[in-house]
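According to TrEMBL, the protein carries these features:
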DOMAIN    27-84  domain 'Acetyl-coenzyme A synthetase N-terminal'
DOMAIN    86-473  domain 'AMP-dependent synthetase/ligase'
BINDING   ARG195, GLY196, GLY197, ARG198, THR313, SER527, ARG588  CoA binding site
BINDING   GLY389, GLU390, PRO391, ASP413, THR414, TRP415, TRP416, GLN417, THR418, ASP504, ARG519, ARG530  ATP binding site
DOMAIN    535-613  domain 'AMP-binding enzyme C-terminal'
BINDING   VAL541, HIS543, VAL546  Mg(2+) binding site
MOD_RES   LYS613  N6-acetyllysine
Amino acid sequence: MTDKTQSGIFPASAEFVANAHVTAESYASMYADSVKDPDAFWAEHGKRVDWIKPFTKVQNASFAPGNIDIRWFEDGTLNVAANCIDRHLETRGEQTAIIWEPDSPEEQALHITYRELHEQVGKMANVFKGLGVGKGDRVVIYMPMIPEAAYAMLACARIGAIHSIVFAGFSPDALGARVNGCDAKLVITADHAPRGGRATKLKDNVNQALLHETRDVKCLVVKRTGDQIAWRAGVDFWWHEEAAKVSADCPPEEMNAEDPLFILYTSGSTGQPKGVVHSSGGYLVYAAMTHEITFDYHDGDVYWCTADVGWVTGHSYIVYGPLANGATTLMFEGVPTYPDASRFWQVCEKHKVNQFYTAPTALRALMGQGKEFVERCDLSSLKVLGTVGEPINPEAWNWYNDVVGKGERPIVDTWWQTETGGHLMTPLPGAHATKPGAAMKPFFGIEPVVLEPTSGAVLEGNGVEGVLCISSSWPGQMRTVWEDHERFEKTYFSDYKGYYFTGDGCRRDEDGDYWITGRVDDVINVSGHRMGTAEVESALVAHAKVAEAAVVGYPHNIKGQGIYCYVTLMNGEEPSEALRKELRDFVRQEIGPIASPDLIQWAPGLPKTRSGKIMRRILRKIAEDDYGALGDISTLADPTVVEELIDNRMNKD
Ligand code: 6R9
């Protein structure tokens with residue numbers, strides 16, 4: 001072990017490799033096949049799902065300017081819910097599909113079999129139909145982490161409705177914008193969402209979000225706590241009451257491979273979140289395949305992804321990927337530190353979890369609490385550990401490896417995005433020795449290229465750093481931005497023509513392994529949550545006392561990046577601590593607690609070019625406490641503002 005640590009390279013044990021789906025040898029040959037003849041490769045792997053009408057065409061994808069068109073398996077038909085449930089009934093009807101672990105360890109966990117899942121999803125699908133939802137209609141899901149959230153997703157898939165999940169931590173305003181954005185017919189929610197011993201009033205948030213809605217948006221409410229809520233007569237319905245009235249029999253709708261399965265809003269570099277649209281066929285093939293191979297999932301394993309279904313990770317790796325594979329997937333309602341910092345590890349012990357997948361921010365928070373919380377639990381069932389969401393610092397990686405994995409479990413650091421549907425780069429646990437913080441190698445069929453940021457020239461060879469693009473399509477790729485295909489092209493295909501631009505920076509090291517260096521656009525990553533700085537800026541300037549605002553990220557011990565705001569007040573307004581708090585609360589209310597500013601610096605002036613553009617590069621450097629590297633400031637309209645900002649920089653300690 002000391003040897004490995006010194007070299008910074010961690011191979012899997014011979015025992016692990018012997019039983020792994022993919023080894024170093026098979027990776028090399030499969031990867032070569034996947035890029036040499038992608039049609040043949042994906043024609044084979046397309047069989048991972050059951051088709052109603054088998055596809056004859058595999059891929060039809062163009063990244064050409066003016067003609068961004070991505071299709072996979074385009075003449076095939078299928079039903080995603082039938083693939084995640086019905087096809088398993090014969091062989092594993094009595095197997096647990098979902099283990100549900102509630103917020104409080106005092107409350108009973110649930111084990112839902114594939115047969116029970118089939119029944120619940122069938123009922124929910126019939127309730128949706130009864131409420132007027134049909135093929136192609138949109139349903140917004142605003143739910144705690146309870147099994148009904150998964151039922152709702154699968155019920156949509158069963159009848160061909162398109163779901164759009166809004167994270168339960170988002171504010172009523174953010175929810176309202178998303179309900180409107182996709183013209184949803186129905187919102188499904190719960191009365192309250194217990195989390196970390198506190199409860200969010202989800203139904204009240206829905207009421208507030210729909211206050212100015214002119215259409216009658218119906219709302220189906222799951223009773224989670226039974227506490228009092230305000231009811232909108234005629235448009236609100238209790239799930240348990242409606243479920244009692246319908247049959248569980250709901251034949252799955254035949255869907256085209258390219259029919260949208262879901263929309264998921266995500267932040268970009270502009271103020272407006274984008275509705276990322278995913279397909280039915282290609283998405284499911286890719287989610288299922290990556291789930292099995294990246295985590296080396298074997299039949300009978302218990303798999304746990306700690307994400308929320310409100311994020312893409314919850315879509316692909318709690319629900320669709322695992323269930324398509326007939327896996328047992330664990331859904332956790334709570335947080336890592338409630339009732340104490342042992343909670344994750346207790347759940348691993350209790351349910352004998354084999355694959356555990358979480359975010360670096362959670363690991364950093366737990367690392368700070370000390371290893372006793374881990375060591376008091378029996379973690380011998382663990383086989384593979386995963387991380388996702390942001391770059392993992394070597395310290396957290398080493399802690400994960402040593403304290404949680406006892407130096408014996410491969411760690412898969414999976415790099416991917418809402419837009420990619422599934423993992424694009426990750427070590428495979430039986431194939432690649434890992435390096436702390438490296439995403440290592442492309443998944444099958446993925447062709448990464450590193451470009452020189454300004455010229456767009458392809459950087460060949462090893463030991464290079466630049467922006468990360470992907471040169472050809474893969475089945476899980478997003479297909480468009482909801483009702484804005486132009487924005488799809490502009491965001492992802494216009495900076496570097498002919499490539500999908502990820503927005504991330506990347507280094508290919510001397511061994512040809514990939515390291516993600518973080519976003520190169522105005523997107524920051526706060527506790528693994530993507531946040532467009534422009535969104536926080538528009539929230540701030542919406543406040544009556546704010547004239548102008550600029551927001552950047554800065555290094556934060558636990559969150560990875562914190563939110564640093566430079567705020568210029570309206571003439572005559574005085575800065576004060578009370579106003580700081582007011583602005584913080586205002587942003588929370590506009591977007592949600594995850595967007596809460598960490599630091600607010602009063603800025604009488606912002607560094608701007610003569611054409612009036614804010615020079616964020618400089619603001620980023622000041623926030624990072626890195627004045628040596630400010631670069632050329634001579635093009636500023638008024639260079640003295642920089643000095644003033646440095647003098648008044650917020651003390652971060
Ligand atoms: C799945 C997910 C995507 C952005 C992505 C990148 C960052 C995700 C990462 C990672 C380094 C990893 N990111 N995984 N950076 N290493 N293993 O997180 O999707 O919420 O859309 O965020 O997150 O910057 O571009 P999403």
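A Cβ is built for glycine as well, from the same backbone N, Cα and C atoms used for every other residue.
Automated prediction, rather than curation, is the source of TrEMBL annotations.
Keep in mind the model is a prediction, meaning the values are calculated, not measured.
Proximity to SER527 (CoA binding site), defined by a C-alpha to C-alpha distance within 10 angstroms, is shown by the following recorded positions from GLY389, THR414, ARG519, LYS613: GLY389. Here ARG519 (ATP binding site) is positioned 20 angstrom away from the residue listed as 'N6-acetyllysine', judged by their C-alpha atoms. Under DSSP, the residues of the domain 'AMP-binding enzyme C-terminal' (535-613) split into helix, strand and coil as follows: 24 helix, 27 strand, 28 coil.
Among the listed recorded positions, namely ARG198, ARG519, ARG588, LYS613, the Cβ with the most fellow Cβ atoms inside 10 Å is that of ARG519. The two recorded residues, GLY197 (CoA binding site) and GLY389 (ATP binding site), have Cα atoms 25 Å apart. Selection of the binding-site residues GLY196, GLY389, PRO391, ARG519 by a Cβ distance under 6 Å from ligand 1 yields, in sequence order, GLY389, PRO391, ARG519. In the three-state DSSP classification, THR418 (ATP binding site) falls within a helix. Regional average pLDDT for the domain 'Acetyl-coenzyme A synthetase N-terminal' (27-84) in the model is 98. Secondary structure by DSSP for the domain 'Acetyl-coenzyme A synthetase N-terminal' (27-84): 26 helix, 15 strand, 17 coil. Its own atom aside, the Cβ of GLY196 (CoA binding site) has 15 Cβ atoms within 10 angstroms in the protein chains shown. Sequence-distant neighbours of PRO391 (ATP binding site) (same chain, 6+ apart, CB under 8 A from its CB) are PRO360, GLY437, ILE516, THR517, GLY518, GLY560. Cα of THR414 (ATP binding site) to Cα of HIS543 (Mg(2+) binding site): a span of 39 Å. Counting only residues at least six positions away in the same chain, the Cβ atoms of CYS305, ALA307, TYR357, VAL388, GLY389 sit under 8 Å from the Cβ of THR313 (CoA binding site).
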